[in-house]
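What TrEMBL says about this one:
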- 344-354: compositional bias 'Acidic residues' (COMPBIAS)
- 131-332: domain 'TLC' (DOMAIN)
- 337-376: region 'Disordered' (REGION)
- 39-56: transmembrane segment (TRANSMEM)
- 140-160: transmembrane segment (TRANSMEM)
- 210-229: transmembrane segment (TRANSMEM)
- 264-284: transmembrane segment (TRANSMEM)
- 304-324: transmembrane segment (TRANSMEM)
Amino acid sequence: MFQTLYSYFWWERLWLPANLTWADLEDRDGRVYAKASDLYITLPLAFLFLVVRHLFETYVATPLAGLLNVKEKVRLKATPNAVLEKFYAATSKHPKQADVEMLSKRSGCTVRQVERWFRRRRNQDRPSLLKKFREASWRFTFYLIAFIAGMAVIVDKPWFYDLREVWKGYPIQSMLPSQYWYYMIELSFYWSLLFSIASDVKRKDFKEQIIHHVATIILISFSWFANYIRAGTLIMALHDSSDYLLESAKMFNYAGWRNTCNNIFIVFAAVFIITRLVILPFWIMHCTVFYPLDLYPAFFGYYFFNFMMVVLQSLHIFWAYLIIRMAQKFITGKVVEDERSDREETDNSEEEEEVAKNGPLSNGHPVLNNNHRKTD
């Protein structure tokens, strides 16, 4: 049964144009072709990336955070309360008003105290500023190096200037050593992102991030199997061209360098929109959708590759919407924030001090004073 499934999976009509077989892509006459077995190395490399990342964050990113004066906000811890903790862990981190009133009766706290407890408890679970800075530093370093390496791989190739060269002689296109390592490193990195996504900073687009990582891994792997390497290197370099700008903007944001962050963000937004919403769909996808049909009839691999490109492009449109929202805040004079991040919830410091001095309750009600303060 396994052999049957294996045969169906590697059926030539799925991967190659008509009248071509895997025998046509066997190494001969000095030509070397991509092989599925080449990708086995990406899994151990992915775990190596996780080790390198840990060392980088410990010995490079953390000292750098100290130099840039990345400071943590003081977070007040939620007072231990078994009733509220059980509801928080098992039911919801954001209780409805009816739940708050019910918990108030069960725990012996006022409604306001219950609301404050949940705010503090949620803040405790939010990632620290240092964690965010370390993560952004690692991604910035990789994306910058990957972009420079990617440009070195493709800038002297004829298909960088003439996209019709991408398909010249396809699929009888010999693989270059630089293409091999570019593919292995990029795919290994995205495997490492997928492996670490559960422990990384979670944002509002968590599901979209998973879809992106999976789609990217499938797209890179398939383009390797089907020898779409020339198109694949162009696509990977195009994506890396803006990612390092976003991560550097985050780093300066966490360090409190607002003007630098905002200026880099504007550059990032421009590069992102040009590369992901203009160059990718109107040049690269035009190249992968129309040019191959001049050489051979459409086959499953052709449809599958372009379908995955559409999935990525849909995610780009979603993220472009968030980027434009942030750009609007910048133009109107507001501080640019990552739209995907949860905001820190704050307590009323004056009320906290008063409660600490006079006790939490007086005749069953919160103690009040004559100072003006924000409403919880």
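Every residue gets a Cβ built from N, Cα and C, even glycine.
Tertiary proximity for the transmembrane segment (39-56) is limited to same-chain residues at least six positions away from its ends with a CB under 8 Å from its CB atoms, namely 137-138, 141, 184-185, 187-189, 191-192, 195-196, 221, 224.
Restricting the average to the domain 'TLC' (131-332) gives a pLDDT of 91.
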